[in-house]
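S.K.: For reference, the structure I am asking about is given below.
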């Protein structure tokens with residue numbers, strides 16, 4: 001099927017609105033993507049005609065809701081090519097998924113004197129949980145440094161591993177630079193040293209196919225809201241043998257086998273023992289619709305369209321005076337930049353006046369900002385519904401700002 005951006009855009013109601021009297025150019029999907037009608041309708045239909053609490057209910061609505069929820073788990077497992085749907089845990093998003101691993105697997109496997117490796121380009125969600133774990137147990141946090149072009153200094157990686165390395169926690173794609181890390185060689189090296197690997201896939205799964213079996217990662221986590229799905233829902237993949245060994249990190253209903261005041265509590269099997277309480281069933285239904293929508297379009301077709309759009313954007317941005325781009329030419333999804341010495345907030349405010357939505361600030365990546373010695377950056381992100389015309393509007397807007405501000 002030929003990819004048609006016009007047909008895709010017609011599925012997203014918000015893209016027809018105006019901002020400041022101008023058509024909206026939404027270039028902020030890396031923060032959170034817009035939702036197609038198919039996702040909105042699926043979640044609304046569930047709440048209108050199918051809502052009930054899942055698990056243990058013998059009535060029809062509960063049984064149907066439970067079946068729908070578990071079908072989404074199966075769909076998500078196919079989406080990332082997991083061996084089994086039971087390797088997938090529903091979480092609130094990438095942040096909760098990483099915290100789950102840190103507080104369950106981490107508390108059980110990382111000891112004083114051990115070390116964890118991350119990189120200088122990580123989102124705070126893949127830094128802070130490991131800082132907290134290391135502080136709790138007396139472990140060391142080691143950091144892969146950056147090159148100026150936004151790639152990792154991979155030649156340093158072998159020197160960071162030793163017999164005390166327990167985990168490599170690495171982003172698949174940088175949320176600021178768009179750098180796609182060479183996961184295959186990094187994962188192989190980690191496993192050679194007996195370390196596990198967690199991959200933050202929040203910025204990858206919407207741009208091209210992901211195969212967790214081919215990657216051979218131990219943990220992979222992503223959010224639904226960046227994948228055109230609802231907020232408050234995400235997926236944590238864990239290799240089955242690891243998941244079965246991990247203790248729960250939250251207690252409550254749905255995650256127990258038995259509860260006794262005199263004999264204590266026993267847990268149900270994974271993945272359900274990591275899903276305490278009433279789940280975000282509506283969000284799960286919406287996530288399933290998003291996965292179905294993206295899969296029907298074809299991730300390879302999406303990738304081809306987005307890469308062509310990215311190449312066009314980078315070539316057009318060369319015409320903007322005093323524009324600093326961060327990262328290399330070969331990138332996925334995002335373009336981080338600053339215009340002259342003007343603060344990113346000022347540039348972003350002007351662009352908003354022109355109906356163009358970009359993200360401004362430190363992008364939950366303060367160590368990365370420190371590396372480039374800037375307080376903030378503007379970030380334009382390109383998704384499957386963005387157009388060449390919107391890229392041209394961004395370029396024209398930046399040229400206009402440069403003329404106004406100098």
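Glycine is treated like the rest: Cβ placed from N, Cα and C.
From Swiss-Prot, here are the annotated features:
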- 364: active site, cysteine persulfide intermediate (ACT_SITE)
- 226: N6-(pyridoxal phosphate)lysine (MOD_RES)
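Provide an account of the burial state, proximal residues and distances for the features listed.
M.R.: Around the Cβ of residue 364 (active site, cysteine persulfide intermediate), the same chain contributes 123, 124, 125, 175, each under 8 angstroms and 6 or more positions distant in sequence. The DSSP secondary structure for residue 364 (active site, cysteine persulfide intermediate) is coil.
Around residue 226 (N6-(pyridoxal phosphate)lysine), a 10 Å sphere centred on its CB holds 27 further CB atoms from the protein chains shown. In the three-state DSSP assignment, the secondary structure recorded for residue 226 (N6-(pyridoxal phosphate)lysine) is helix.
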